[in-house]
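Presented below is the structure to which this report refers.
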Amino acid sequence: MDLSAINPVLLVASLMVAATPILLAGIGELVVEKSGVLNLGVEGMMITGAICGFAVTVETGSPALGFVAAAVGGALLSLLFAVLTQVALANQVASGLALTLFGLGLSALMGQGYVGIKPPSTPKLDIPVLSDLPVVGRILFGHDLVLYLGIALVAAVWATLKYTRAGLILRAVGENHDAAHALGYKVIRIRTLAILFGGACAGLGGAYISLVRVPQWTEGMTAGVGWIALALVVFASWKPWRVLLGAYLFGGVTVVQLNLQAAGVAIPVEYLAMSPYLVTILVLVILSADKSRAPASLGRSFHAAH
Amino acid sequence: MKLTKLLATGAVALGLATGAWAQDKTKVGFVYVGPVGDGGWTYEHDKGRQAVEKEFGDKVETVFVESVPEGPDAERVMTQMALDGADLIFTTSFGYMDPTINVAKKFPDVKFEHATGYKTAPNVSVYSARFYEGRAVQGHIAGKMTESNIVGYIGSYPIPEVVRGINSAFIHARKANPDVQFKIVWAYTWFDPAKEADAAKVLIEQGADVILQHTDSTAPQAAAQDAGNVITFGQASDMSEYKPKPRVSSIIDNWAPYYIARTQAVMDGTWESTSTWDGIREGMVEIGEITDAVPADVKEEAVALMNSIANGEYHPFTGPLKKQDGSDWLAEGETADDGTLAGMNFYVEGLEGEIPQ
C-alpha cells in the first residue's frame, strides 16, 4: 500500500472532469422534472449529443462548434419526446424509454464513420499567473470551459427557479398544471421549452464524454451515465445545488476508488467498486430528510380540455 | 390501441416469415456483451460472424444481439434466438456460462458454443483462445520499455482468464526487468469507455508508463495518447487506429476459422460437444504488428518469444515459479497443465495486492 502515489491535486482535478457529464445531464433533467415532465430518455439524448458533438468537432476542427451541435442534437431528439408526450399525450415513461433505445441506435448509425478517430483537443483555460498557481491553479483554473459552464448552469437554474417570475411559472406548471392553465399560462409550451433545455444539457453532457473525458467515439460509450443522472435528480430532491453535490460525490468517489485500488489499499475491491453508488445515495438520502417532495404533476399528461 | 395491435400483428408476421426462412438455411445466432463497434472484443466476434456469412453465402443466415448484459437478460435473448429457429448459437462472454447451460437444456436440438467458459453439455461446446500466450509477449515488451518501472493493468472481472493474463504478463515483464511493478485496477465492467479511460488516467497519474488492458473498448488507448509518453497494447482487436504510439503491439482474437468450421459441422451433421483452447500456433491468437516505437532489439526478442511459443518450444508458464504466498507451484522445467490454468485463481510471486474473491 502506497498512498503517497496518489497526487491529491490531480485527483481533485480529475474528479471534476468525471463529474461534469452527470452534472450537465442532471441539471437539465431537473428543469424538465420541475415542469412536471418525467423524461427517461436522458441516456439516449446524451449519446446522441456525444456523436453529434464528436462528428461536428472532427469535421470542423472546432470543439466549440461541436458542443453547440451536441446541444442542438440533444434538443432535437428531445423535441421528438415533446411531440409524443405533449401533443400526442403518449405515456411519458414509455416514450422516455423509447427515446433512450432510439438514441442508442441512431447514434450507432451516425457514428459508423467516426470509430477510431481522434478529435481535436478541447482547449483548457489558461489564464496567465492564475493557472500556474500551485494546487489552486490546476484545480480551479486549469479546466476546459464546459466544466465551468456546468457549474454556472447550476447557479443559473437555482437563481431562476428561486428568484424569477419565469422560475415561478415553471414550478407552477410542475406543481399543478390545471391551475397554471386556468391562470392563463401555456402549459404545453412551457413544458416543451423545459424538455428542449433538458435535451440540450444532456447533449452537452454526452459530448463532454466523447470530446473531453475519453476522448473518442465508441458505440454505447455513455454506458449508463444517463440513468445515474436521472437517479441523482430524485436523490437530490429536485434541488440544483444538491445535484452538483451528488455529481461531485459520485464522480469523486469513482475516481478515488480507482486511485485507492491502484495504490494497493487493502479494502476489498468489491466494496470500492460499489462505493460511488452507496456514498452518493447515502449522503443525498440523509440530506432529503427535510421532506422535499417531487413536483406534484410529475409524469402526468396535461390536456387543456379538462 | 389500434397502433399497438398493428405493431403486434406485424411482429408476429415477421416472426413467421423468418421462421419459414430458417428451414432451408442454417441459422447461426451470436450473443454479444458489447456493441459491435466497440473496436475490441465484440468487434472481433462480429468479424467472425461476417466471415461465416461470406463463406457460406445463401446457405446460412446469421443473427446477433449486441450489448446483452450477463445474467437473466442473456437467458431471455438466447431463448428467443432458439425459438426463432437458430441451429447454432455462439454466446461470447464468460458471464453467459450458466445462462447458456440453462437454455441448452430446454433446447436439446440446438447447438450452443460458449466462449471462455468451462461448463459443457451434450449440446454445449466451449471454446477459448490462449490469450496468455500473447500476454507473455506484451509483458516482455512492457518490461523492456518501462522507464518508471510501473506497469498499469486494467482488469475487468477477477476471473481465471483475466488472472492468467496478469500472471503471464508479469512473469515475462519481470524476466525482462527485475525491478518492474504492476499496479492493477479492477473496473468491474467489460465495456464502459468512460470508466476505462478514468482507470487508465489514474494509473498514469500514479506513475505507470505502460498500460495493459483486459477490457473491451479503445478508451484506455485514447487516454494514453492524451497523456503523452505512455505505451499500450491493442486488446482483442488490433486497435491499429492508435499506431504507432501509444499502441505498440496487440493481441488479436481470430475467431473466423473456428466459427466457419463449427457452422460447417452443423451443416454436415457432424457437430459434437468439444472443448477447444487454441493459441498462437493455431492462429486463434495473433500478435499485431510491433511498431517502430519499440527498439529493434526488443522487437527481435519479442518476435523470437512469439515464435518459440508458436512452435511449442516454450510454454509461458514454465517453472521454477512460485505462488504469491511464496509456496512452490512449478518446479524447474515443469509447465502448467491446462486444468490449473483454466481455474487459475492465484497470483504468482512478486505481484502485489489480492485477487478480489
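In case you wondered, yes, glycine gets a Cβ from its N, Cα and C as well.
Remote same-chain partners of the transmembrane segment (A:6-25), defined as residues 6 or more beyond its termini with a Cβ less than 8 Å from a stretch Cβ, comprise 42, 45-46, 135, 138-139, 142-143, 146-147, 150-151, 153-154, 201-202, 204-206, 208-209, 212-213, 222, 225-226, 228-229, 232, 243-244, 246-248, 250-252, 254-256, 259-260, 263. The transmembrane segment annotation in TrEMBL covers A:6-25 (among others).
Taken from TrEMBL, the feature transmembrane segment covers A:37-58 (among others).
With a threshold of 8 Å between CB atoms, the same-chain residues lying at least 6 positions outside the transmembrane segment (A:64-84) that come near it are 39, 41, 44-46, 48-57, 90, 95-96, 99, 102-103, 106, 119, 146, 191-192, 195-204, 206-207, 211. Feature annotation from TrEMBL assigns transmembrane segment to A:64-84 (among others).
According to TrEMBL, the feature transmembrane segment maps to A:96-115 (among others).
Per TrEMBL, the feature transmembrane segment maps to A:135-161 (among others).
Tertiary proximity for the transmembrane segment (A:193-214) is limited to same-chain residues at least six positions away from its ends with a CB under 8 Å from its CB atoms, namely 17-18, 20-25, 27-29, 31-32, 34-35, 37, 39, 42, 45-54, 57, 63, 66-67, 69-79, 81-82, 85-86, 119, 122, 144, 146-147, 149-150, 153, 170, 221-222, 225-226, 229. Sequence annotations record features per position, and here TrEMBL assigns transmembrane segment to A:193-214 (among others).
Annotated transmembrane segment per TrEMBL: A:220-238 (among others), in sequence order.
Per TrEMBL, the feature transmembrane segment maps to A:245-265 (among others). Tertiary proximity for the transmembrane segment (A:245-265) is limited to same-chain residues at least six positions away from its ends with a CB under 8 Å from its CB atoms, namely 1-3, 5-6, 11, 14-20, 22-23, 26, 228-229, 232, 235-236, 272-273, 275-277, 279-280, 283-284, 287.
TrEMBL lists A:271-289 (among others) with the feature transmembrane segment.
In this chain, the transmembrane segment (A:220-238) lies in contact with the transmembrane segment (A:37-58); the count of Cβ pairs under 8 Å, excluding pairs fewer than 6 apart in sequence, is at least 3. Of the candidate ranges A:135-161, A:220-238, A:271-289, A:220-238 has the most C-beta pairs within less than 8 angstroms of the transmembrane segment (A:96-115).
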